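Asks: Input: one structure, supplied below.
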Amino acid sequence: MSSVKVAVRVRPFNSREIARESKCIIEMAGNTTCITNPKVPPGSSESVKRFNYDYSYWSHDPRDLEFSTQAMVYSDIGEEMLQHSFDGYNVCIFAYGQTGAGKSYTMMGKQEDGQEGVIPMICKDLFRRIQETESDDLKYSVEVSYMEIYCERVRDLLNPKNKGNLKVREHPLLGPYVEDLSKLAVTSYQDIHDLIDEGNKARTVAATNMNETSSRSHAVFTIFFTQKRQDRMTSLETEKVSKISLVDLAGSERADSTGAKGTRLKEGANINKSLTTLGKVISALAEIASKNKKSKKADFIPYRDSVLTWLLRENLGGNSKTAMIAAISPADINYDETLSTLRYADRAKQIVCKAVVNEDANAKLIRELKEEIQKLRELLKAEGIEVQEGEDGEKKIHSPNRNRKRTGSSTEMAVDQLQASEKLIAELNETWEEKLKRTEQIRVQREAVFAEMGVAVKEDGITVGVFSPKKSPHLVNLNEDPTLSECLLYYIKDGLTRLGTSEANVPQDIQLSGSHILKEHCVFENKDGVVTLVPHKDALVYVNGRKVIEPEVLQTGSRVILGRNHVFRFTHPEQAREKREKNKEVDVCETPGNSGEIADWNFAQCELLEKQGIDLKAEMEKRLLALEEQYKREKRAADQEFEEQRKTYEARIDALQKQVEEQSMTMSMYSSYSPEDFHQEEDIFVNPLFESCWTAREAGLAAWAFRKWRYHQFTSLRDDLWGNAIFLKEANAISVELKKKVQFQFTLLTDTLYSPLPPELTPAPAVGALTNGGQEDEFGQNPIPRTTVAVEVTDTKNGATHYWSLEKLRQRLELMREMYHNEAELSPTSPDYNVESLTGGDPFYDRFPWFRMVGRSFVYLSNLLYPVPLVHKVAIVNERGDVRGYLRVAVQPVMDEENADFSNGVKQSARILFDEEQNGQHKVPKIRTIPDKDEKYIEGGNEMGTKLEELEQEDADSGRGDSSVASELHESNDQEPGEHLQPGKEFTFRVTVLQATGIAAEYADIFCQFNFLHRHEEAFSTEPVKNSGSGAPLGFYHVQNITVPVTKSFIEYLKTQPIVFKVFGHYQHHPLHKDAKQDCQITRPPPRRMLPPSIPISQPVRSPKFGPLPCPPSSTVLAKHDVLVWFEICELAPNGEYVPAVVDHSDDLPCRGLFLLHQGIQRRIRITIVHEPTPEVKWKDIRELVVGRIRNQPEPADDEDSDSCVLSLGLFPGEVLEVPGDDRSFFRFEAAWDSSLHNSALLNRVTQTGEQIYITLSAYLELDNCARPAIITKDLSMIIYGRDARTGPRSLKHLFSGQYRNPEANRLSGVYELSLRRASEAGSPGVQRRQRRVLDTSSTYVRGEENLHGWRPRGDSLIFDHQWELEKLTRLEEVGRVRHLLLLRERLGMDTTPNPTTKTEKDVCNLAQRASASPVHMVIPPSPQTPVKDQQAPAMPERELSVRETELVWKCVKLIQGRIGCKELGAEGNGSGTQASDASPGDEGCADMNASYISSNSIELCSPERVDMPNGWEAPAPAPQTQDLSLRLYVPELEEIRVSPVVARKGYLNVLEHGGSGWKKRWVTVRRPYVFIFRSDKDPVERAVLNLATAQVECSEDQAAMVKVPNTFSVVTKHRGYLLQTLGDKEVHDWLYAINPLLAGQIR
């Protein structure tokens, strides 16, 4: 084993470094190389770094005595490596360093004597030693190959047939090798010299055509050296084979130092990939060598990451003697690159190679290859494939299964491996004479190719290398890389010499290729020794930097540039000789000789830029001046802005100071009052300073508003969740690290009847909010319990669940931290703490009871007032509103004659006192039949605009169908109690717990406990009953007699309050295994209209340009508009156009669809906005389109800050479209969407089966007269298929319907409501208060967070989930109360009313029931032109309604409306009174819609069957709107409307629009409150939307007679009118009922 020999060589300064006056930072002393950091002060510890290598060559200054020449480098490294090759070892020498560091000079050198590099010198010395030592017993053979690695592609430089890229294979015996790479036999150094020259020519041609240079490619020159020695004594022939690999690496590129851009930047990236991989390999090998002992697991070395390291695998740490020459620059401007090179070289010293003598390699290799070929033939024969040898030696493969489309992958691999092995064995069996013959053939082919290209050749046919003709004019190539310059020479013969490409119709004498070279580019005319260049039309030809269009006479030394990359120097030997002899002082033809500059490639390029008007220095100075001016301008703007801000802050400070002074003056006035003054009648609130003249109605409204404000608490709950999330994360992290089986998560708890809070979780009331002992506030109302944030502790070890307050969490967290710090002091033999976990000593655990709460039930006692017995079947409900079973309870009064009978099943008796003082101390919250809207503690459950009178009306009429029952029973309850409830007497009643049913089998030992709400300490309990789980009822049959002295408080309790029943059971199974299953089996699903949509309406994606979204304004809504938006995702088609991707509308849901995309294709997102024309809404342009929230589930993540996939798309300007025949406003814009920039695997890969991808896009649009951008947000779902996959649906439904043939069907619709609010500078105080910023600590890092595997504390979504639970509890409570009242009413015989229900009441009730099935209820008031009385007259005669009937009719009307009526109907009113207006606040600014039609003298309407319409007819149109077009600033709000999935009616209608050309048959779908118009029933895209909430519907016989079209009715919106005709007479009423149920009922 031997280490890699490492040498470092420093070159002289180049012209660039001299021009920049660089300083030398390299010093060498012996084998030590020192580098000085120019950025660090001299003398510091980090200023100088020292490295020791095997050799350090000082080649900086030739005048130095220690200057190292090429010969010295070769004598130290080359001779040693050559000796190793004669010994039979593999040898490798490679040069490493940055671009321009001198690698190519060290390896190749120059043609002058003494300037040869390592490669020519080692080849020359090789053949010298061969000639000296060759004899009859010792024979030598040498073969060479020359390849180039560019951008991970391998090219053969010696064989012109191998024009393409060669494959790199790996053989188990040979290792990595290049397939079909030419290995040419050579017999002398001159042969190698010529092959190197030929290879450089091929490299030059390819580099010129591809615009490359050698510094961007790796060159590998390999010599295969074979020694055959004949042993005369044994007559045995031994063979040694060594491989000499000479590598010239590409320079390491730095984009900022080389100025690389575009393609050059990509080339540099590929070069750096190879060099980076080489560095990784060197580091890995050095690390392995530095280890003391070999690791058990083999270390991974990334050889395969690049072609270069793969081919050099044996030379790096393998079977090779390797030397590395690190070339460095001495300049300080290259400090970073030089230091990196030195570090790589230092690491390479540690690499250990295991070189062995390659003796008798061929014999062993041939034998093993033959065995491998035989095995492969047997394998193919077993597969039914025979390999036969043809007449020409070619292997022919015969397979009986040719008709199969494809064979197995194993068979194909075997055939491929067989062919590769046979190529190798044929190459090894080739004799030396055959190799020489093949080499000569390749040389002839190569010369022919060069001659065909026009490269000059000698008389013997050999191409010209470094040779200058004496007479003939010629062109010599110039290249950016000096090693490739002057390699190619092209003669210009007498007469015409054509130059072009090989594809020209006329054969070209000089053939070039590459960009901007025409088929016939130009012609050189050589006449009488004068060469004229004649360019063809549109050909790029430059002479001495000037573009040539007309014929140009060339002078010797002229620089000729053809196309973009081909640079030549024209030379005329005779002309140059004459000029020199005639006058040497004349500057001929702008040659640069006099100026001392060399006419190389750089000179030609600079000359081109200068002559074409591109002066680099002038451009740089101009750019510097522009930057300086920009800096001054920005500095002035910044200073001005700073001055304005300073003045603003000073003004704000003055205003605050003035405010403080005013407050201090006011408080000084109060200081004159004594404390006794405030306890007298002259209170501060009746002080003249605070006197307010409020009426009783205003005071009541203020009290209602104050109570409503107190019940809103979403913001405080969110603050608690955000502020304590970091504590929750830390507790979970400690729990995981200490291996505690406890998990903590936020939850919300509200003190309700079904979920009472323990005292430690009850939130403290606000200071001053409660009076009278904390029971009632100043308004005489009991406060609704506030919702509190708690921590749900899931103890999976003990199978229990606890709830902690936030304060308890912080206290326990301190103990957890202490336990965590003490954990390190415990030894492995420390005892387990299971005892502490059970006794409560461990801060992670709490004590848990044996029995667990199953649920609660409530039984009302109103039947005891009458007195009658009742048997109740009540639901057992848990804390989350889930029904866990049912309980049967009997409640009956015990009269005097029954008191003595205790033998009939009576188990227990008790006596309870209901005295007034005790009841006052334990007053329970008042339970209403239906809570008032102002007392409903579910935030957001009521309307702000509801009037106080309507709230008072709600107390008497809940609108839910139970008011009549409650009112009748309340009237009875308000009467004097019966004789059995006379105050002072004792009253006994009996509560019998009969049975429990439906309780899950997981609960064992069930028992029931009940008590009065205010007497928790006096509870009655049954005996436990075994729950077998068979489904049979659990019989308790527990009888409890209760005797109570009758008081007013007891009577009040019987009227309003229930008894609570608590059912307990021992939970015998582990909760984590059964809870989830139990929840899924028993939990009732919420009603359909309460469920969240499958794809929720997301909040806008945060824009990088606009920052966080501002708070929504609370100012007045000035106008509302309905907006229809179409979304399309377009993909690049083969014809170059962007075609909309297929959208699958198979789910038949409104505004829903699934985009079917292809992988790896360019896409664009196209959005079209459609709305009615209005002067208020004018789109200016699209400001930004943001795409983010990439996910595979419909709901986005709670934490938006962690979304790293947000991408702002490149925008195209928006445009206003004009659609023929449609006068609506259309605004469309597009954005380029490169989904790979999201760096999301979901968008990069093909979507898995059954999976869908969801994204959220937000478009920020600018409108006229709007202070903020309008934001359109939409969630899109998609599936990504393979690039060539067909995305069209394959179902028979779509096959026969042809739904997807129309490209306009491939779009997704969205319905939005645009609200324009008045812009406010400061906003209301509520807005300012809501703008406070609370830090969300859920994303703050906590030590150990990575162990949580992505777990996050719950956020805002928890509040909405809790709202649904509270809604369920409220409904269960209401249902239980109403069920009790109905049961009591039936028991009392109150169902037989004296006045039976009339037919009118039945019709109205049926109408209300049918209308309530629709999810949205809206009433469209009839037009004054169509009185209701006239339409109702034919249906039934008018009659006077009683008060009772009037109340019933009015309640049904409110049921249809779905909200409270706007105007209370008086007792004397009739059913045909004027209805209240339904206009929203946003509609107040709009003019009333005029539904009247044209006068009777208008032209008749044609029927829908007639095609041509009269020009004079006008459809029903709204009245002209008088808008104030003065400049007003608005704040736009675009909110997506979730369209109801319920279809009220769908079918074909004939539609006539205002201003339309005629009747059109359209498919119409009614999803209240919207009507969608489609082109046909197969059209999945909504083309138009009508909002029934703001429309007016009319249908009358007068209207039909006037338009002379039967079966018609009109729909008039704010902007246009529609006339609709049904296809049949019977459908008119059904359509009217679907659109306007009240109007249909009136006409009926």
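Cβ atoms here come from the backbone N, Cα and C positions, even for glycine.
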Asks: With the ranges 191-250, 611-670, 1331-1390 to choose from, which does Swiss-Prot describe as coiled coil?
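Replies: That would be 611-670, per the coiled coil entry in Swiss-Prot.
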Asks: Taking Gln98, Thr99, Ser104 as the binding-site residues to compare, which has the smallest set of other Cβ atoms within 10 Å?
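Replies: The binding-site residues Gln98, Thr99, Ser104 were compared, and Thr99 has the fewest Cβ atoms within 10 Å.
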Asks: Report, as a single number, how many Cβ atoms besides its own are within 10 Å of the Cβ of Gly102 (ATP binding site).
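Replies: Taking all protein chains shown, Gly102 (ATP binding site) has 20 Cβ neighbours within 10 Å.
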Asks: Looking only at the domain 'PH' (1542-1640), what are its DSSP counts of helix, strand and coil residues?
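Replies: So the counts come to 23 helix, 39 strand, 37 coil.
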Asks: CB neighbours of Gly97 (ATP binding site) within 10 A?
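Replies: Total other Cβ atoms inside 10 Å, all chains included: 28.
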Asks: Restricting to the coiled coil (611-670), what is the model's mean pLDDT?
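Replies: That region's mean pLDDT is 81.
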